[in-house]
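Enquirer: Would you mind keeping the following structure in view while I ask a few things?
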Amino acid sequence: MERGPAVGAGRGAGAQIWVLLGCLVRVLLWVASALLYFGSEQAARLLGSPCLRRLYHAWLAAVVIFGPLLQFHVNPRTIFASHGNFFNIKFVNSAWGWTCTFLGGFVLLVVFLATRRVAVTARHLSRLVVGAAVWRGAGRAFLLIEDLTGSCFEPLPQGLLLRELPDRRSCLAAGHQWRGYTVSSHTFLLTFCCLLMAEEAAVFAKYLAHGLPAGAPLRLVFLLNVLLLGLWNFLLLCTVIYFHQYTHKVVGAAVGTFAWYLTYGSWYHQPWSPGIPGHGLFPHPHSSHKHN
């Protein structure tokens, strides 16, 4: 006869626990939403500042030029000094794929939410197609430079023996090594991706200033791009510290910067181009003039 009140009390305690868990979940969601909005607002403000973007270009130049000096002050046995480390295999080797995936989603959302026009969205996304063509073309050019400047060597226990073979293909087919001037493709790609992502993400500040729809999904995609940009900066620093020869890294970064200038700094300002980021997305204020 005493089990009824005990069972009722147990059910009441269980209901209270579920209520408390529900309140805790709501509080955590509110905190996550507040952090998402605050972080996206601050990151947009930083990336949207023209002065900070100029300083960012100086930062990248300093990383490539002076970064190799840090090799005398870091641990040469760290995980980042290995060619087979996780970040080098999963991210650096596929840097353009990661950039296209994250940045493509961001550009798609921003342009379509601002214009609701498929043609305008496709035009802005075509900048990534141009970037892919630049990456492919630069990779082929680097291989051509290595072919034109290289020689064939046979590895021996005593050292390397020069072989008179005409090109890389015949050299490698014979089991030898082809050595020429190797422009750092990783330094080129990471520099180009950093400049490209900073340019594209800077639009979000103006997007927010115009009061356009900016829900949690868009803000989350934006912050993911910011995190990826930070990762590219870190991996670029690791690359210039641990890998490649100095001039190979400087030339790679210089070519990446030049590729950015030819596209974002020059061609995209022309009417027959994909357009600069943000072009045609925001209404221009019309000032009224009074005539006496």
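Each Cβ is built from the backbone N, Cα and C atoms, and glycine gets one as well.
In TrEMBL, annotation is done automatically, which means it is predicted and not curated.
Sharing the feature lines straight out of TrEMBL:
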{"type": "TRANSMEM", "residues": "15-38", "note": "transmembrane segment"}
{"type": "TRANSMEM", "residues": "58-75", "note": "transmembrane segment"}
{"type": "TRANSMEM", "residues": "95-114", "note": "transmembrane segment"}
{"type": "ACT_SITE", "residues": "His186", "note": "active site"}
{"type": "TRANSMEM", "residues": "188-208", "note": "transmembrane segment"}
{"type": "TRANSMEM", "residues": "220-243", "note": "transmembrane segment"}
{"type": "ACT_SITE", "residues": "His244", "note": "active site"}
{"type": "SITE", "residues": "His248", "note": "site 'Important for catalytic activity'"}
{"type": "TRANSMEM", "residues": "250-268", "note": "transmembrane segment"}
Enquirer: In whole Å, note down how far the CA of His186 (active site) lies from the CA of His244 (active site).
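Expert: If we compare the Cα positions of His244 (active site) and His186 (active site), the gap is 9 Å.
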Enquirer: With CB pairs under 8 Å as the measure, which of the listed stretches 95-114, 188-208, 250-268 comes out on top against the transmembrane segment (220-243)?
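Expert: The stretch with the most close Cβ contacts to the transmembrane segment (220-243) is 188-208.
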Enquirer: Give me the count of other Cβ atoms within 10 A of the Cβ belonging to His248 (site 'Important for catalytic activity').
Expert: 19
Enquirer: Give the distance between the Cα atoms of His186 (active site) and His248 (site 'Important for catalytic activity'), rounded to the nearest whole Å.
Expert: 10
